[in-house]
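Trainee: Sharing a structure below in structure tokens format, with a few things to ask.
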Amino acid sequence: MPYFMRLALFLFCLMALVESRKPRRKRWTGHLETSKPSHLYKKNLDVTKIRTGKPRPLLRVEDHDFTMRPAFGGPAIPVGVDVQVESLDSISEVDMDFTMTLYLRHYWRDERLAFPSSSNRSMTFDGRLVKKIWVPDVFFVHSKRSFTHDTTTDNIMLRVFPDGHVLYSMRITVTAMCNMDFSHFPLDSQTCSLELESYAYTDEDLMLYWKNGDESLKTDEKISLSQFLIQKFHTTSRLAFYSSTGWYNRLYINFTLRRHIFFFLLQTYFPATLMVMLSWVSFWIDHRAVPARVSLGIMTVLTMSTIITGVNASMPRVSYIRAVDIYLWVSFVFVFLSVLEYAAVNYLTTVQEQKERKLRDKFPCTCGMLHSRTMTLDGSYSESEANSLAGYPRSHILPEEERQDKIVVHLALNSELTSSRKKGLLKGQMGLYIFQNTHAIDKYSRLIFPAFYIVFNLIYWSVFS
């Protein structure tokens, strides 16, 4: 009996437990059914998630390794280049360089950047994509300074076409070296070159070429320089060899400049010519006016020195002679010779006066001597020389006593030279004429100096112009 009681009690408890759990299961199931979305709602929720999710990029930049060039291991990738010169900013003779602003464009094909497109339209990007893909490593050979413009943003444009063709453009200002020859300065023409080359890839990996030949280089018609006339722009290309790395394709932008001469005519040639002509004025000044002729000669010499110094200060120090140096130094020699010419005239005048003074002391008595004629070298007399009184013109007729002294001096000189005729008559005549007429050197200089300077100018401009 106790066993039967225990079994009945156990069954009763079990049934009570089952019955007590049935309502709770229904409430839980009902709550789940009311909060459970329908099948249609789940489908709409998935569509929303697809629409608002992150779109997959068309270029698939993350799927490729762009540290390697396109078609790595195959033939060299061709990279076309064209350039549009925006401005030629400056030419420096002292630093031997030039500054140019240009648009540099590269063209190549990278199949890794191909994307599907029904309209075959390209996609344009700014400079941020350049850091994620492969671009040609072109640099400027012999450049001193260069930079990419960044106002208001980096002036870089990347355009990708559906078939993988890429256009890469940037705006650059570069200062590059230009080897100049100043042997004809300022009547010279200079040819400068801007050279482009791949830094790392040899001609076996990258073939750099002008995309459209000479048409690949375009210039702005408004480009002008203050001191130069731009004559010609043209392109060339060749291979450059480095002993440690190999052969590289190199592109050249060549341009020829011809210097404007008018500025230097006003600043250099015209002042130098005026100084030479001013030095000739001393030939028309009386040789007895020592202060006037000396001061004029010194002034012209110093002015020429200033002109030469000013020209050299604005030019590089070269080890050869330039055309302007020839003109300035020849002009300086003409000015200096005009000073030496007066030194010779003054010296000969002093010697003549000393000789006359000695002869005056030798023949002190001139009483009753009223000759109106003087004796020449051959023993004859000349009335004109008597009036000239040993080289003085007729307009300067002296008092009677001094005139008689001059006549005696003149006769004494004639007698001395006549006695030495055997040593050379012609030499004595020329020496006597120069000593008696020291102003004759000025007369000859008035013709000789301008004539030689004109001949020099004709030769100079015919050779260098």
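Here the Cβ of each residue, glycine as well, is placed from N, Cα and C on the backbone.
Given the structure is predicted, the values throughout are model-derived calculations rather than measurements.
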Trainee: Given the candidates N254, N312, specify the residue that Swiss-Prot annotates with N-linked glycosylation site.
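Mentor: Going through N254, N312 one by one, Swiss-Prot flags N254 as N-linked glycosylation site.
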Trainee: Out of S143, S169, S226, which one does Swiss-Prot list together with R105, E197 for 4-aminobutanoate?
Mentor: S169
Trainee: Check for me whether Swiss-Prot puts F147 and V318 on a single side of the membrane.
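Mentor: Swiss-Prot topology: F147, V318 on one side of the membrane.
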Trainee: For C178 (disulfide bond), what residues in its own chain, 6 or more apart in sequence, show a Cβ-Cβ distance under 8 Å?
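Mentor: Those within reach of C178 (disulfide bond), by Cβ under 8 Å and sequence separation of 6 or more, are I91, M96, D97, F98, Q190, C192, S193.
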Trainee: Per DSSP, what is the residue count of the topological domain 'Cytoplasmic' (282-293) in each of helix, strand and coil?
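Mentor: Helix (H, G, I), strand (E, B), coil: 7 helix, 0 strand, 5 coil.
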Trainee: Give me the mean pLDDT over the topological domain 'Cytoplasmic' (347-443), rounded to a whole number.
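Mentor: That stretch averages a pLDDT of 56.
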Trainee: Counting other Cβ atoms within 10 Å of each residue's Cβ, which of the recorded positions R105, N120, S169, N254 comes out lowest?
Mentor: N120
Trainee: Long-range same-chain neighbours of E197 (4-aminobutanoate binding site), Cβ under 8 Å, sequence gap at least 6?
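Mentor: Counting only residues 6 or more apart in sequence, the Cβ neighbours of E197 (4-aminobutanoate binding site) under 8 Å are V138, F139, V141, L208, A240, Y248, N249, R250, L251.
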Trainee: Test of understanding: give the count of other CB atoms lying within 10 angstroms of the CB of C192 (disulfide bond).
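Mentor: Counting Cβ neighbours of C192 (disulfide bond) within 10 Å gives 20.
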